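This report concerns only the one structure given below.
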Amino acid sequence: MLVLGLETSCDETGVALYDSERGLLADALFSQIDLHRVYGGVVPELASRDHVKRMLPLIRQVLAEAGREPGQVDAVAYTAGPGLVGALLVGASCAQALALAWGVPAVGVHHMEGHLLAPMLEAQPPAFPFVALLVSGGHTQLVRVDGIGRYELLGESVDDAAGEAFDKTAKLMGLRYPGGPEIARLAEQGTPGRFVFPRPMTDRPGLDFSFSGLKTFTLNTWQQCRDAGDDSEQTRCDIALAFQQAVVETLTIKCRRALKQTGLKSLVIAGGVSANQSLRQSLETMLAELKGQVFYARPRFCTDNGAMIAYAGCQRLLAGQHDGPAIAVQPRWSMETLPAI
């Protein structure tokens, strides 16, 4: 089965072609970072308009790179949620129009299920069951995964997601959008131990997260340094390191608890924050101690992309699932409501 995948949940337009027998044939991505950077964050209306502009050229590009014609596509998968409603509607409308024109089925994919399954595109994919840490700008969740659609939520953020905390903290410190890579870049030059930030919600049982207080603590520390006349680049680097260490250690502690609670030895990390090298190293060290294994997608498939949507959609299409002709999206959507296959 040859599936065209479309991703438009936020500020990246992703398109890919996935073959159920040959794997990923081609993928293309257009990022809107430069468009939104001047505003310090994503402007939903601008995101939607840019998706409209980029979608068809990217589809033509992917078909050409794969050496395929539209008539060879067997189905279209698209991100149906969660995400920005206008951006989602662009992808859904395009997918349903193409499916109607080509006489093929369409299927809406849960954005976070796409992230969760992205490591399946690698040469050594994880085997079920496993624990998944989903860390992105909108989500921080620990999920027990027994199969596609068989998800048990173990814990989640009660306020800011980890990626959101990175972006907001960076903005408060005067760094460029998106903030995660900027903080990681500065942290490489930071002085270990100069600042020590709290590890939120690690002093109590449970697997939930909270990063809003850490964001405020970081801002207060930065403001105190500035008030004392120390707003040097080195101080900025030291604070970035302390913040990143706090987030990484908090996530690692919670993942260790989740593995112990479930008795599993395999951990998948997915979502934009999973590209953070400090987080990867920390989790790899922890899994080595537990004699387990950690899995993640290659960096370009950690952020939003069409390949993960094409793959996830292909699995559901092969199981006989597809949508009707109605154009419908779900800006808020729990993965636990997805049917198992």
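The backbone N, Cα and C atoms fix where each Cβ goes, and this holds for glycine too.
Summarising the annotation, Swiss-Prot assigns Fe cation binding site to H111, H115, D304 and lists sequence analysis as the type of evidence. Here Swiss-Prot flags L134, V135, S136, G137, G138, D167, G180, N276 as substrate binding site, drawing on sequence analysis.
Report note: the Fe cation site is defined by H111, H115, D304, and the residues of the same chain whose CB lies within 8 Å of the CB centroid of those residues, excluding them, are E7, S9, T79, M112, G114, S136, G271, N305, M308, I309.
Of all Cβ atoms in the shown protein chains, 29 besides its own fall within 10 Å of the Cβ of H115 (Fe cation binding site). For the binding-site residues listed here (G137, G138, G180), the lowest count of other CB atoms within 10 A around the CB belongs to G138. DSSP gives G138 (substrate binding site) a coil state; it is part of no helix or strand. H115 (Fe cation binding site) has L134 nearby among the binding-site residues L134, G137, G138, D167, G180, N276, counting only those with a Cα within 10 angstroms of its own Cα. Here the binding residues for substrate are L134, V135, S136, G137, G138, D167, G180, N276. Their largest Cα to Cα distance works out to 17 Å. Taking Cβ-Cβ distances under 8 Å and a sequence gap of 6 or more within the same chain, the neighbours of V135 (substrate binding site) are A161, A162, G163, L251, I269, A270, G271, G272, V273, S274, L279.
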